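Here is the structure we will look at.
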Amino acid sequence: MSGKSFGFSGFKLKSASSSSSSDKVNLQSKFPIQSAFTKPTYGGNTFSMKHSTEEDYFDSDEGDDKNQSKPYQSASDSDESEEDPLDSFMADVEKKAKKDLEKMGQKSEKKSKEIKGTRDDIEDEDDQESYFRWLEENPNAGVQGGDDDDQDIEYDEDGNIIPPEKKKFIDPLPPIDHTQIEYEKFEKNFYHEHTDICALNQTEVDDLRKKLGIKVSGASIAKPVCSFAHFNFDELLMKQIRKSEFTTPTPIQAQAIPIALSGRDIIGIAKTGSGKTDAYLWPALIHIMNQSELKPGDGPIVLILAPTRELVQQIYTEAKKFAKVYNIACACAYGGGSLYEQTLACQEGVELLVSTPGRLIDLIKKKGTNLQRVTFLVLDEADRMFDMGFEPQVTSIANHVRPDRQVLLFSATFKKKIERLARHILVDPVRIIQGELGEANENITQIVKVFRDGPEKWSWLNSKLVEFTSQGKVLIFVTQKANSAELAKNLEEKIFKVGLLHGDMHQDDRNKVINEFKKKPDIHILVATDVAARGLDIPTIKTVINYDVARDIDTHIHRIGRTGRAGEKGVAYTLVTNKDKEFCPLLVRNLEDTEQEVPQELLEIAEQVPWFKNQRTKNFKTSSGKTGNMKFKQRERPGLGLNTSSGSNSNKSSSIRPSIPSGPGTDRAAVLKQAFSSQFKTSFVSASQNLITSSAVPSSVKFQKRDSNEENGDKKKKSRWDNS
């Protein structure tokens, strides 16, 4: 053991002879053997295996790390040391590009230095420009992250937040190329003109349209009818029509149904409660019965789009009532209902589908239905759909329907957006207008009550409700949701059973309230926001009360249109205070257009609005005792200072003399006219008129009265030389 010495840190070997050691070194250099105690290290091109001391053993790790951190260097004679031609070319290109950029920068600096007379206060960025630039560079500034970033806050018509169930904006359908789709041919002209209608000449047709209050425009228009027998419907449909207690067609039905059965596109502009729903439903059923049956996977044949879920349900109920006689499958789809159940109903095969635009797009994207078989497209209350922001969705849906389809568009107004859509999706349409555009139903009597404040308005309502409920159902409109709940609570305290309808309610709750109001005889009053202004068709509503005025005149028209349905009479009360003065001018015009009575108190509030006051001159009473606006007469410029006489010239001049109008802004003009009249009265005198002394002529000058002979020309004119 003398040759070895062991310790805690390692061990040492006794040195061998020189000859033996040299042989071992040669062998290790040729065949290196690694052990747990020796670790090879690389330094340049040499190979080392020896650790003389234990410090060298531990320090060798640091050396290895340093050697490993050095970059790899290939041998001078290796292939990798040769430079790649592509790398050298790209390096030259980069050098040239850098040089070019430097030269361009130097030139731009020289030009900027040569410019003289620059204004730093104009050229430099101001605060607003820098803020806009910062917003562009930081588009997500101020946006708080979270899982609900893709959800937008949605508000109902009362301004209350709705829990966001989906995105507010629904992406329209992608474009489609109809040339790549092979459609089956279909028939759309099923009208057989009755012999009585065929015998009418053009004069009689014009008289009939005038009697119905209908205006039409277009080419080759079908004649209107007078009776249901003239439609030539089959007995099954006629039996159901008689069961629904229809006696005669409404004016819009008398003209629109023959045109729709002829296969023509229609633009129908009709007031609320005109019966336009049946005007397109009955031709739609005839259209379905003349098409081939649905195959598995086919979509609907008739598609009806409506803006609100209430209107969709109303149309669906009416369609189901008449479709059951032909065993036609109907379905409705709207937001708030179960998408799964609506998808199943569509996949089972429906021939008539009533839907809102947003839910229809959802069904199409989820493969719940398709529009390949749609040949009859109806857009009901298109103006309302556009007001709700559905223009791109409606346009994309219409573009997905085959180009040769039949389209019926119905609206209460005809704005520019509706006209643009009509030009895009309708082909040679017939325009039917019942009454004036946007006018209220003539079967509705409008009464406006003016109050000082809210408590006085509540007292009037409380005193009149017993009378109103004895006549029929009462619908009360309130603008805000909170106010509707408060009003319903106050009415319930007065022992009235009241229904409440507003935008925050779930769809099932809305349907329950509407059905109870329709069917239960003990619920006579319904308090609602504008969510019920459209699509609520209850014939038993005899009184509508606008407890709060509407936001615009279109909403007002549709509010009061909930009464006076299907030819029935109704009364609409509008309660106004001084806070509603901005709406009063619009209400005055609406009352005048429908020949309703305008209270003087309402007119006084309306005249507080500057633009309305400037447009009106003064009020007058018509022969019927109703209030209207002053009508302007055509004015001509006569000679000044002419008086009335029995001569022909004087009669002519007096007939064109205008009377000076009285009213605000006319006193100054009257004074100027009188001044010029007094100054130049002697210059404008008729030849046969007697001379009248004017205030402009001195009093010393006296005029002689002419004899009758002088007037007749018998006496020779006397010369001044005769006195000499």
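Even glycines carry a Cβ here, placed using N, Cα and C.
If you look up TrEMBL, you'll see 1-22 (among others) marked as compositional bias 'Low complexity'.
Summarising the annotation, TrEMBL assigns compositional bias 'Polar residues' to 23-50.
Annotation source TrEMBL lists compositional bias 'Acidic residues' at 55-64 (among others).
Annotation comment: TrEMBL describes 77-86 (among others) as compositional bias 'Acidic residues'.
Annotated compositional bias 'Basic and acidic residues' per TrEMBL: 92-120 (among others), in sequence order.
The motif 'Q motif' annotation in TrEMBL covers 226-254. Residues 191-192, 194, 196-197, 208, 212-214, 261, 268, 270, 274-276, 278-279, 282, 285-286, 321-322, 325-326, 432, 434, 566-567 of the same chain, all 6+ positions outside the motif 'Q motif' (226-254), place their C-beta atoms under 8 angstroms from a C-beta of that stretch.
Residues annotated as domain 'DEAD-box RNA helicase Q' in TrEMBL: 226-254. The average pLDDT for the domain 'DEAD-box RNA helicase Q' (226-254) in the predicted structure is 91.
For 257-432, the entry in TrEMBL reads domain 'Helicase ATP-binding'.
What TrEMBL lists as domain 'Helicase C-terminal' is 460-606.
The compositional bias 'Low complexity' annotation in TrEMBL covers 639-666 (among others).
Summarising the annotation, TrEMBL assigns compositional bias 'Basic and acidic residues' to 704-724 (among others).
In terms of DSSP helix, strand and coil, the domain 'Helicase C-terminal' (460-606) has 72 helix, 26 strand, 49 coil. For the domain 'DEAD-box RNA helicase Q' (226-254), DSSP puts the residue distribution at 17 helix, 0 strand, 12 coil.
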